[in-house]
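What TrEMBL says about this protein:
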BINDING   Asn12, Asn62, Gly72, Asn73, Asn145, Asn182, Glu200, Arg201, Gly210, Thr211  substrate binding site
Amino acid sequence: MISFVKAHACGNDFLIIEEAVAGRRHAELAQKLCSRNTSVGADGIEFLERRADGSFFLRLFNADGSEAELSGNGTRCVAAWLAQSEGLNEVALGTHGGVRTCRVISSDGPVFQIESGMGVPRVMRRAIELEGVGVVEGAMVNVGNPHYVLFVDTDDFGSHGMTWQELGGKIAVSPLFPHGTNVEFVKVKSADEIEFRIFERGCGPTTSSGTGTCASSSAAIALRDCARSLTAVAEGGAQSVVWPSNGEAMMLTGPAEFVCVGEVFA
Ligand SMILES: N[C@@H](CCC[C@H](N)C(=O)O)C(=O)O
């Protein structure tokens, strides 16, 4: 049996498991335990390593067993857990995408509001050509992990005669991105509000993404003249970002909520 915590951030859900009990089974555990029909179900697993010097390191595995550099929402869920279980109201969490420092702003029962330093986004305008689709105009954005951001103005976020889920699925696995990419479809609603949809690498359509929020927002700020402080609304809810200047870290604020703790056969 493996002990876990389940938490979500705007519906983007994660299991938190101590690295010490993972053995070398990270990918296998992710595939097994993230299954929504046959196990607990989640978009990914955050494996929490406690290092001898007192620092923390997170390894994120997507539901398909692939390892990603980091998750913004998953990191926030872990920060909320460390606040709840160990009273750490500010914590630095190492990830393969860089160290993310998270600070509890408020809490109400199982719901925590947390501000996270998300590093400096890198935005590069880039048109891509997809077989059977044609040219797609968008931007490659790196926020510790890779994203491709497209701006759309359709009611249903579709583009190129496809639903956003269909087009997102094609872009995510295009050979143009050898390591795959997360994909966001962004609508600018006003100077300080965007709405977006997310096709996540290694997991598919999700209701929210922390790094996706940062990628979409930084692209909207850099390429669509949006305000440096804005609200990004996904299907699972809103998060807010502040990006003081292109060379500075983006700050992301949003919720994390505990669902349950338990033990699972694995
Ligand atoms: N939902 C996450 C992103 C998770 C990682 C992603 N699937 C990847 O492979 O990069 C977030 O909140 O950032």
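Numbering starts at 1 and runs along the chain as it is shown here.
Note that Cβ sites are derived from N, Cα and C of the backbone, with glycine treated the same way.
Of all the binding-site residues listed here (Gly72, Gly210), it is Gly210 whose C-beta has the fewest other C-beta atoms within 10 angstroms. A C-beta separation below 8 Å, combined with a sequence spacing of at least six in one chain, links Glu200 (substrate binding site) to Asp43, Asn62, Ala172, Asn182, Thr206, Ser209, Gly212. Here substrate is bound by Asn12, Asn62, Gly72, Asn73, Asn145, Asn182, Glu200, Arg201, Gly210, Thr211 per the record. The longest Cα to Cα distance in that group is 16 Å. Note: the substrate site is recorded as Asn12, Asn62, Gly72, Asn73, Asn145, Asn182, Glu200, Arg201, Gly210, Thr211; in the same chain, Gly44, Ala68, Leu70, Ser71, Gly74, Ile198, Thr206, Ser209, Gly212 also have Cβ atoms within 8 Å of that site's Cβ centroid. Once Cβ contacts within 10 Å are tallied over all protein chains shown, the binding-site residues Asn12, Asn145 are led by Asn12. Reduced to three states, the DSSP call for Gly210 (substrate binding site) is helix. When secondary structure is read from DSSP and collapsed to three states, Glu200 (substrate binding site) falls in the strand class. Under DSSP, Gly72 (substrate binding site) is assigned to a helix (H, G or I) in the three-state scheme.
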